[in-house]
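Colleague: Got a structure here, written out as structure tokens. Questions coming.
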Amino acid sequence: MPGYQGHVVGGTLTAGGAWLSLALWLPAWGPEPVMGVALMAVAILASLFPDVDTDSKGQRLFYAILVLADLTLMWFGKYRWAAILGFVAMLPAVGHHRGWTHTWWAMLVVPLPIVLLPAWFFGTAAVVLVPFYAAAVLGYLSHLILDRLF
């Protein structure tokens, strides 16, 4: 099974392949370079997420991000949202390694906040966020494929 670096490479190649395919088949669609880098980053992060249920570099990265997000919420007095984020952060610990985080439905459900939260909190049109959701699903899929679970 690939480790951290294997999943980073897999996520990068998957996202790069998707970007190249879209550029060839839909030449009119081409993200700005900054958006392209953001989409690549989302795919790479998503390629690491399934291993958040075990001691891994991905787990440490995600929990560092979650701690910063939780502290920010508390700093601004958003204690209810900080509590919800803390609860959600514990969910991977409920299962075992290669448990629910390594399923096809998690691949589709885990990235949903990328679309739902900005739409809900800021009124962002969901259609603008769909490329980020797709990048996350592709990155997640690359992890499942490399782990031979899909």
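Just so you know, the numbers here start at 1 and follow the chain as drawn.
Glycine too: its Cβ is placed from the backbone N, Cα and C atoms.
What TrEMBL shows for this protein is this:
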- 6-26: transmembrane segment (TRANSMEM)
- 33-49: transmembrane segment (TRANSMEM)
- 61-91: transmembrane segment (TRANSMEM)
- 103-122: transmembrane segment (TRANSMEM)
- 128-146: transmembrane segment (TRANSMEM)
Colleague: Looking only at residues six or more beyond either end of the transmembrane segment (128-146), which have a C-beta under 8 A from one in the stretch?
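Modeller: Counting only partners 6 or more residues beyond its ends, the transmembrane segment (128-146) has Cβ contacts under 8 Å with 1-2, 6-7, 10-11, 13-15, 18, 31, 35, 38-40, 42-51, 102, 104, 106-108, 110-112, 114-115, 118-119.
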Colleague: By a Cβ-Cβ criterion of under 8 Å, what residues six or more beyond either terminus of the transmembrane segment (61-91) are in contact with it?
Modeller: 45, 48-49, 52
